[in-house]
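This report refers to the structure that appears directly beneath it.
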Amino acid sequence: MKSSVLLSLCTAALVAGAAHPLEPQVVLKDGQSTFTEPDEYLIELSPGETRWVTEEGKWELRRQNINFFDITHHEDLGTINANRLIEKSVKFPSKPAFNKTVVPLLKKLKKDNMRKHLETFTSFHTRYYKSQYGAQSSAWLLEQVSKTLSDAGAVNASVKAFPHPWGQSSIIATLPGKSNKTVVIGAHQDSINLFLPSILAAPGADDDGSGTVTILEALRVLLKSEGILDGSAPNTVEFHWYSAEEGGLLGSQAIFQSYEKEGRDVKAMLQQDMTGYVQKTLDAGEPESVGVITDFVDPGLTEFIKQIITVYCDIPFILTKCGYACSDHASASKAGYPSAFVIESDFKYSDSKIHTTEDKIEYLSFDHMLQHAKLTLALAYELAFAEFK
């Protein structure tokens, strides 16, 4: 995701000189061919602005804090639902309506669960989506999600891997409701070291290990609701953990392209990407807050999220921007689905250690992550029981 540390001129020159670092090919499951990369990739830097670049060109843009979609295999994303937001705009509740049910659930969220999961998740050398470590970390995460459903006795719920040709699968957990109207909660599971992605460590504690474990803990507690557990909620809720966000929103594009083609009725999508770093905010003398992204998002959903934070969180929100294609919510939006994005702080105070070996747990606040878990849980519950017309 997003902004990266500024490189020194000598380091930038070193990395640029290694234009195409040697990368081990990913060996996929039986019956699948080895993934072969193209020589160049078609990226979209803003609506309608495209460019062909090499893989090193992609990483160079990321080192310059420039985000993009890699649309090499997804040029038609959004073409089917091109008029969806105009013709079928979603009306969200005017205010939160389930306070008496949600507040007791919020008390069941546990920081220790997030810490335990994040300690293991960051122990993989990297979660780079084309590495064996990335495939292994995804398999481990799938096991944790499956265990969460099993421990809750969620016999109606399911979890599956959404495979990709590069080896690291995305993950989708589904909590069926009485309709196919669907609310999606997302985070990305991959990490990257932009200096040498295939070689150097990328613990990715904040980006986006923090979001990954935040929504996993929200899922655990959401399943303590009888209405969610027995499938009597009006709407279906899904939790997504996307692969290859760092490569240009690849995993989320693949999922939402499939949803678009299937005619899936996604009413809302919230992305939690980087939920744990607050030190720069505090150092600046500013109050701890939840950063609510206001550009390239659905305004109605974003307004409702602001109300959720005000009612259910212990800290305020601050409005901020992150630019085009800055995280996986952009894929949902491009596919024609209402999406929103929250981050750990005002964007200018977000974590500058991401995409390096220093994106470690020791710099994160689990108290702050708990606020994001409260937001996630409350929003998922409120929208699961909302009456979408």
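Using N, Cα and C of the backbone, Cβ positions are placed for all residues, glycine too.
Residues or ranges marked as signal peptide in Swiss-Prot (evidence: sequence analysis): 1-18. Swiss-Prot lists ASN99, ASN156, ASN180 with the feature N-linked glycosylation site, giving sequence analysis as the kind of evidence. The feature Zn(2+) 1 binding site is assigned by Swiss-Prot to HIS188, ASP207, ASP273, with similarity to another entry given as support. Per Swiss-Prot, Zn(2+) 2 binding site is recorded for ASP207, GLU246, HIS355. Here Swiss-Prot flags CYS322-CYS326 as disulfide bond, drawing on similarity to another entry.
Locations of recorded Swiss-Prot features on the structure.
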{"residue": "ASN99", "record": "N-linked glycosylation site", "Cβ neighbours (10 Å)": "13"}
{"residue": "ASN156", "record": "N-linked glycosylation site", "Cβ neighbours (10 Å)": "15"}
{"residue": "ASN180", "record": "N-linked glycosylation site", "Cβ neighbours (10 Å)": "12"}
{"residue": "HIS188", "record": "Zn(2+) 1 binding site", "Cβ neighbours (10 Å)": "32"}
{"residue": "ASP207", "record": "Zn(2+) 1 binding site", "Cβ neighbours (10 Å)": "32"}
{"residue": "GLU246", "record": "Zn(2+) 2 binding site", "Cβ neighbours (10 Å)": "29"}
{"residue": "ASP273", "record": "Zn(2+) 1 binding site", "Cβ neighbours (10 Å)": "29"}
{"residue": "CYS322", "record": "disulfide bond", "Cβ neighbours (10 Å)": "24"}
{"residue": "CYS326", "record": "disulfide bond", "Cβ neighbours (10 Å)": "25"}
{"residue": "HIS355", "record": "Zn(2+) 2 binding site", "Cβ neighbours (10 Å)": "26"}
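If you compare Cα positions, HIS188 (Zn(2+) 1 binding site) sits closest to GLU246 out of the recorded positions ASN99, ASN180, GLU246, CYS322, HIS355.
GLU246 (Zn(2+) 2 binding site) and ASP207 (Zn(2+) 1 binding site) have their C-alpha atoms 10 Å apart, to the nearest angstrom. Of the recorded residues, CYS322 (disulfide bond) and ASN99 (N-linked glycosylation site) place their C-alpha atoms 31 Å from one another. On the backbone, the CA of HIS355 (Zn(2+) 2 binding site) and the CA of ASN180 (N-linked glycosylation site) stand 37 Å apart.
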